[in-house]
Amino acid sequence: MRQKLVIGNWKMHGSLAANAALLEGIKAAPARARLAVCAPFPYLAQCQALLNGSQVAWGAQDVSAEARGAFTGEVAASMLGEFGCTYALVGHSERRTYHGESDAVVAAKALRALEFGIIPVICVGETLAQREAGETEVVVGRQLQAALDALSVEQLGRVVLAYEPVWAIGTGKTASSEQAQAVHAFLRAEVRERDAGVADRMAILYGGSVKPDNAAELFSMSDIDGGLIGGASLKSEDFLAIGNA
């Protein structure tokens, strides 16, 4: 049975003082799920220091597809690896939308993360217009296929997927548990076409306005293995409640 995984995405929030209080609150209480936080780059060293020796992992919100060089503003996977980074989000809808990241770039970022022992959390999801046009499976299938084409079976076995319907991120809207389960089942079936064992073991997270009051229902679905949490990850009590859902 796959253990639940709950990853907090702080996005562009935080301060040294607020982070310290949040991290101390998270690591002080037990959770049924595995927990991790993805913090802004300037705070990764703080996460490393405060979470060292705890059961809470930490990660980055992005990683460069490039190994090194004249790429101002980029952060290399090798740099994250030196800090002991566990996870890196790749292909979050906000990166795809605001920075024009293509499926190929997302796959390249996943490959680079894996090269340095970092688990890429590959995010896929459709807009409201795409859902209403009946294109959900076409869109998320295309996004996933880029990774399937780029990764070996062994590499794929070290990946986490996250389904984040763009229309449900930060809007207060949430896909129903049945809607989310249908997409998660589709994604797992696509991975199974490549390797059944990998598909059965892979964590597929749901991200889209997950809160303490809807987490249990979402997480009860057979193919939903946890959550990628935005706003609710900024309050330790909410994040822990989701981790215990």
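Please read every residue number as a count from 1 along the shown chain.
Cβ coordinates come from backbone N, Cα and C, glycine included.
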According to Swiss-Prot, which candidate in Ser54, Ser64, Ser209 joins Asn9, Trp10, Lys11, Gly170, Gly230, Gly231 at the substrate site: Ser209
Cα separation, His92 (active site, electrophile) to Gly230 (substrate binding site) (Å, whole number): 12
Under 8 Å by Cβ from Trp10 (substrate binding site), counting only residues of that chain that are 6 or more apart: Val37, Cys38, Ala39, Pro40, Tyr43, Gln61, Ser233, Leu234
Mapped DSSP class for Asn9 (substrate binding site), helix or strand or coil: strand
Site of maximum Cβ density within 10 Å, from binding-site residues Gly170, Gly230, Gly231: Gly230
